[in-house]
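What follows is a short report on a single structure.
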């Protein structure tokens, strides 16, 4: 503890003025916050012993006074976080995102372990690719947000996936079991009356600040405009988007959905669901920092439980929070992680709420 106090005094130039604790302030990232003693700000206090020069610079820039001990402007981050680029406010079209979103038809929820039933998560999309030999496969996921747009990861529409897997070919909605037609389930073999639909891709819009090949995968988000409007059914419905200022809580269990690899290493034919806990941002940053990856506030960490995580085929797929009235919100997009299901290593998700303005500014009727 004495060592920590020494470093605190070493970090900060002790200004000759005093400021009232709990006064309003603005962090180096421009976030409105409160000026508090350093030991009352866990996110900054825990980073005092860092050797990262940028974090040290951020700590010093966070000092907002001195009142017996350094006071700091205590926000949500301990490092500089360039805000996501958003479209001009005048171009935003929030009315194109439906209010009737995030609902699913009530059904028996569990068939076998993490299997879903056909009515669950009806916004889940499969993104298909075709290579030069006309071989087709689904390699990414996405989520329907209105009758014309899918939101997915930028790495699913650009870069390596196009070189290795093939060109973007189609989007499938309303799928449940890729091995059966029609989809039937249960002891009495209840069959889904609607077939899945395949739609063409009119346009893809990746975030302008996404850098292909970056190990940090900042701004890993993209939109796919379908070639026609979608009619909503019990098996095809849009998900809700969170507001930019809405945050999930550490320990809160969210649901990741997709057809990715199971614990056997095989891709599932049935749409899967898995509950994963939200991990503290600073703990996640420390874990991945050891591997040279810097996690930002525009990213969300969840998982880290042994043999429980999203895997390769789920890239771009949804991480969901269930709120009041059983309404689901798209909190994250599967971006990347360590080896699938490795204990202590959570998955990294693009935090969708941080990009709502960008989404609203890039969709059209």
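Just so it is clear, glycine is given a Cβ too, placed from its N, Cα and C backbone atoms.
According to Swiss-Prot, the features are:
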- 1-23: signal peptide (SIGNAL)
- 24-74: domain 'Clip' (DOMAIN)
- 25-73: disulfide bond (DISULFID)
- 35-64: disulfide bond (DISULFID)
- 41-74: disulfide bond (DISULFID)
- 110-364: domain 'Peptidase S1' (DOMAIN)
- 131: N-linked glycosylation site (CARBOHYD)
- 140-156: disulfide bond (DISULFID)
- 155: active site, charge relay system (ACT_SITE)
- 175, 177, 180, 183: Ca(2+) binding site (BINDING)
- 184-191: disulfide bond (DISULFID)
- 220: active site, charge relay system (ACT_SITE)
- 284-301: disulfide bond (DISULFID)
- 311-340: disulfide bond (DISULFID)
- 315: active site, charge relay system (ACT_SITE)
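Apart from 175, 177, 180, 183, the Ca(2+) site neighbourhood in this chain, defined by C-beta within 8 angstroms of the site C-beta centre, holds 118, 176, 178, 179, 181, 182, 192, 196, 269, 270.
Looking only at Cα atoms, residue 183 (Ca(2+) binding site) sits nearest to 301 among the disulfide-bonded residues 35, 64, 74, 301.
In terms of local Cβ density within 10 Å, 156 ranks first among the disulfide-bonded residues 41, 156, 191.
Sorting each residue of the domain 'Clip' (24-74) by its DSSP state yields 17 helix, 18 strand, 16 coil. Counting in whole angstrom, residue 220 (active site, charge relay system) lies 30 from residue 41 (disulfide bond) by their C-alpha atoms.
Across the fold, the C-alpha of residue 184 (disulfide bond) and the C-alpha of residue 131 (N-linked glycosylation site) stand 31 Å from each other. Of all the Cβ atoms in the protein chains shown, 21 others lie within 10 Å of the Cβ of residue 25 (disulfide bond). Listed in sequence order, the recorded positions near residue 73 (disulfide bond) (C-alpha within 10 Å of its C-alpha) are 35, 41, 64, out of 35, 41, 64, 155. Across the domain 'Peptidase S1' (110-364), the prediction's mean pLDDT works out to 88. A gap of 18 Å separates the Cα atoms of residue 284 (disulfide bond) and residue 41 (disulfide bond). Highest Cβ count within 10 Å among the recorded positions 131, 315: 315. Look at residue 220 (active site, charge relay system): DSSP puts it in coil. Looking only at the recorded positions 175, 183, 220, the densest Cβ neighbourhood within 10 Å occurs at 220.
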